[in-house]
Structure formats: structure tokens, C-alpha cells
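Reviewing the structure listed below.
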Amino acid sequence: MTKVLVLGGRFGALTAAYTLKRLVGSKADVKVINKSRFSYFRPALPHVAIGVRDVDELKVDLSEALPEKGIQFQEGTVEKIDAKSSMVYYTKPDGSMAEEEYDYVIVGIGAHLATELVKGWDKYGYSVCEPEFATKLREKLESFQGGNIAIGSGPFYQGHNPKPKVPENFVPNADSACEGPVFEMSLMLHGYFKKKGMLDKVHVTVFSPGEYLSDLSPNSRKAVASIYNQLGIKLVHNFKIKEIREHEIVDEKGNTIPADITILLPPYTGNPALKNSTPDLVDDGGFIPTDLNMVSIKYDNVYAVGDANSMTVPKLGYLAVMTGRIAAQHLANRLGVPTKVDKYYPTIMCVADNPYEGYAVSVKDDTWYGGTVSIADPAAVNHLKKELFTKYYMWTKGDMALEKFLASW
């Protein structure tokens, strides 16, 4: 029996595992290895921070959900992949080391939030990128009496060599891994403090390591700047954060921004497990270069999906799901199941929600990749879409078989 390991438990990995098992059935054993038995619907973690959702509402127990679909599950932290001998090494919850051989592996363990690169993070930093981060921020916001808030992202340490075997325009250079959560939090906080009657006591500054929202068209960026102007939000470009202090943040050039609360999408680097793997599996940033079918350019039994793939820029949930689906479809063909393989075409697709004010901004944009689509639409119906998508993900336990049909809402 062909053995397929899927590493990870978020959008890319779960999409790959569920899709592959649905396609190949008993033709392959599919096993997921993830560092936790729980997976979370991360697009709603900002909602936890502002108190409209609880973390437990967003939790999927993979040890129950995956076996229900005929997929094996193993809790364990991946330490490295030996691509030459087709082995994965991981640490079990009890601390013991284990190894597992594979015929094929789909790598979806994401990147690394490099908080260690920002001085003062442990004492003064806040974020919404992990469940525990969102909960900590929620507690801070509840007790906040007013002052300065800075929201932004750290630098993205993108790999460049070797390059993936895809059209060059599909992989633009990015200063930030993804600024969608920054945009969303800036809108959410306006609604949050308006509800608390504190707008006159709070001053928000949004910062970016490069040009803010550079993955959108100039017209969309102008629209965002106009929204910020109306909301009284200050925008600072080219601010590469180096340190968080009690009442300010500092960039690499010594510039400062007032900040009594700093909300940060931390610097983004390659996953340590991938950097520890077979050297020619990854690029110089620790990401896996692939072709358009998500197959490694060096090892044809290795697939990479989501943030672990060097091709996915920015590091976006929509792209993770697309890559997971394509990898599964391509592998199904190799396992003897004729399957149409979707074409990879990168597009920025996201919804920046503002639940307290009852609207969201729906974004669809491919201009960064040479396309002509540029939509940034604020509307009440988009808030409803985000609510429904959250419910759909939780209802399916991450098995979003209809996602590609729903994404064009």
C-alpha cells in the first residue's frame, strides 16, 4: 500500500489530506502528522482579540476529525525531512523521537514567526497569529484606558535561490509575508473602541516594513489610505521594526512610533524543521521550491503546500488551500486515479472584517502578478460572508470541498 504523509494541520495540509483521501480512497494510506491535535480557524483569531469570539469556538480536534474520513493522525512536532531516504523525523508529545518512512510526503508545516528577532517582544509584544496571542491581546485591550496603538508587520525573509519552476511574475519580491491581518485589525479596533466610547482616547498608527499593502493595485492602496484618513489612522511606510519598548517601537534606522500597545505580525522566516532538512530540498530562506503542481524541483516524491512553498507570496490562506488541492489532484493521478488538476493562478483573496460596525472589505486583486482585476469592496454583505465562511469551516472540520466554488462570492 502506498504511504502518503501529510505534515501540518492548517489550510494547506488539511486541504491536501482531505482531498487526496476523497480521491484515492483505499489506494493509499494517508497519515497527518501535526504538532497539536487541535487546529484553529485562524482568520477568526482577530475576532477573539476584540471579544466577539472565543478560541474554543474555532477549534477542530484532528484526532477525531481525520479518522472519521479514513485519515490516520499522529501528534508530533516535525524535526526534519531526509528527502534522500524518504524519512520524516518528529518528536512525540512524551518527548521521544520517532521516524517514519514515506512513498510521498506533502509538506504543509508553514513558516516560522520569528519573534526572537524583535527585542522586547516577550515583555511588550502582542499579536493575533496564534490562539494564545489573541487571548493575551484580548485581555490587554479590555483593560486599556487609552493611548497609542501601533499595528504592523515585521520583515519577510523570503528565499530567492533556487527559484521555483513557475512563471517569474507568480513570485514577486515581498517586504511583508501578509498584511491582511494588519488591515483587518486596524478596522476592527475602530469599531471596538467606538463601541466602548473611547475613540477620542485612542490613536492608531499602522506601519509596514515596505510599502503598505504592496500586493494590491495602486488604486486599492489609495482607497485604503482614504479610509485611514477618514478614521484618523496614521500610516507609516518603510518601518522595519527592531525593538518594542514600553511606550514606543524602534526601527532599524532608529526611527520611533509611539506605542502603548504594539500589535505585530512577527517577522516571517522559513520553518526551522525545513532548514534542518536535506539542504537541497529548500531555498536560501528555508522554503521549498516547486513546480506548478507543487512537486519539489529536486525530489519528485515531495510536495509543498501553503506557506512552506516558496512560490506562495504573500503567505495567504487562499493560496494555501489552492496549493493543497492541486497537490492532492496531481498525486491522485500518479496513484492511478484520473483527476483533473486545477491550474495555479495566484490572486489576493481576503475579507477584512469589522464586526462591531457591521461591514467588511472584500479584496480580490491579481495586479501584483500582472493581471487586471482590482476589487476592494466595503459592504455589510461581506461581513456576512466572513461569518458564513467561519461556520462552513467549522462544520466541515476543515474539509472545504466546495471552497473553490465559494471563493468567488
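Each Cβ is built from the backbone N, Cα and C atoms, and glycine gets one as well.
Computed from a predicted structure; not experimentally measured.
Among the features that Swiss-Prot reports, active site, cysteine persulfide intermediate is placed at Cys178, Cys350. Annotated FAD binding site per Swiss-Prot: Gly8, Gly9, Arg10, Phe11, Gly12, Asn34, Lys35, Cys129, Asn271, Asp307, Gly317, in sequence order.
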Subject >> Alpha-carbon spacing, Gly317 (FAD binding site) to Cys178 (active site, cysteine persulfide intermediate), which is rounded to whole Å >> reply: 10
Original post:
To which of the binding-site residues Gly8, Gly12 does the lowest count of other Cβ atoms within 10 Å belong?
Top reply: Gly8
Subject >> Binding residues Gly8, Gly9, Arg10, Phe11, Gly12, Asn34, Lys35, Cys129, Asn271, Asp307, Gly317 (FAD) - maximum C-alpha distance in whole Å >> reply: 19
**OP:** Name the secondary structure element type, per DSSP in three states, that contains Cys350 (active site, cysteine persulfide intermediate).
**Re:** strand
Original post:
Which residues of the same chain, at least 6 positions away in sequence, have a Cβ lying under 8 Å from the Cβ of Asn271 (FAD binding site)?
Top reply: Ile109, Gly110, Ala111, His112, Gly286, Ala308
Subject >> Cys178 (active site, cysteine persulfide intermediate), number of other Cβ atoms within 10 Å >> reply: 24
Subject >> Spatial neighbour of Cys178 (active site, cysteine persulfide intermediate) that is closest, considering only the recorded positions Gly8, Arg10, Gly12, Lys35, Cys350 and their CA atoms >> reply: Cys350
**OP:** Inside 10 Å of the Cβ of Gly317 (FAD binding site), count up the other Cβ atoms and send me the figure.
**Re:** 20
**OP:** Would you mind reading off the Cα separation of Gly12 (FAD binding site) from Cys350 (active site, cysteine persulfide intermediate), to the nearest angstrom?
**Re:** 16
